[in-house]
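Pulled from Swiss-Prot:
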type	residues	note
TOPO_DOM	1-27	topological domain 'Cytoplasmic'
TRANSMEM	28-48	transmembrane segment
TOPO_DOM	49-75	topological domain 'Extracellular'
TRANSMEM	76-96	transmembrane segment
TOPO_DOM	97-109	topological domain 'Cytoplasmic'
TRANSMEM	110-130	transmembrane segment
TOPO_DOM	131-161	topological domain 'Extracellular'
TRANSMEM	162-182	transmembrane segment
TOPO_DOM	183-194	topological domain 'Cytoplasmic'
Amino acid sequence: MSSMETEKGAVPTPQAPPVAPTDNKYRVVDVILRVLLLAASIASVVLMVTSKQTEIIVSPFGSRPNAAKFQNSPAFIYLVAALSVAGLYSIITALVSLSYMRKPIVPPKLFWILLIHDVLLLGIVAAATGTAGGVGYIGLKGNTHVRWGKIRNVYDKFCRHVGASIIVSLFAAAVLVLLVFVNANSLYRRIPKY
């Protein structure tokens, strides 16, 4: 704009700060972490859903078969539901991230949306993992103060499946923590430096 236009009363319009291009390595790491989240979610759900074991229980009233399955515990059902949502979420967000891979500039709003949803899902998965871990620990060790006996010596296969599922879901929560760091860092790098 020339000085002549300014003198005639034309007010210069403020320009928005330039949007910094996103580093491609962050996009690749984001997609890889989302695929890892999908794999961990599927593996944990499969381990939990296949954790059924039937044993003959002897009691003073006779012996009968008794099945241990994940549906008997609300904590395990919550874990399966949370990880199913995490798996679906990882598919959707991986596709969104892949669609923005070829674009030179990614809108900051996308990073905000991903960051908020990643944090929300991290809370859900971490709560489900902790809840299932608490129930699993009582099944493993029992609680002598309230006379809850351990079940690991009777339902060993069931306990192994549940334990492996909880460990893999803990890995899924760690992947979500890394996704939060990656998206927060990507958003931070886009803040204009004055």
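Cβ coordinates are placed from backbone N, Cα and C, and glycine is handled just like the others.
Given the structure is predicted, the values throughout are model-derived calculations rather than measurements.
Taken together, the residues of the topological domain 'Cytoplasmic' (1-27) have an average pLDDT of 58. Residues 26, 29-30, 33-34, 36-37, 40-41, 43-45, 47-48, 51, 70, 76, 79, 83, 86, 114-115, 118-119, 121-122, 125-126, 128-129, 132-133, 136, 139-140 of the same chain lie 6 or more positions beyond the ends of the transmembrane segment (162-182) yet place their CB under 8 Å from a CB of it. Residue counts for the topological domain 'Extracellular' (49-75) under DSSP, helix first, then strand, then coil, are 6 helix, 14 strand, 7 coil. Helix first, then strand, then coil: DSSP counts for the topological domain 'Cytoplasmic' (97-109) stand at 5 helix, 0 strand, 8 coil. When DSSP labels each residue, the topological domain 'Cytoplasmic' (183-194) comes out as 7 helix, 0 strand, 5 coil, counted as helix, strand and coil in that order.
Per-class residue totals from DSSP over the topological domain 'Extracellular' (131-161), listed helix then strand then coil: 17 helix, 2 strand, 12 coil.
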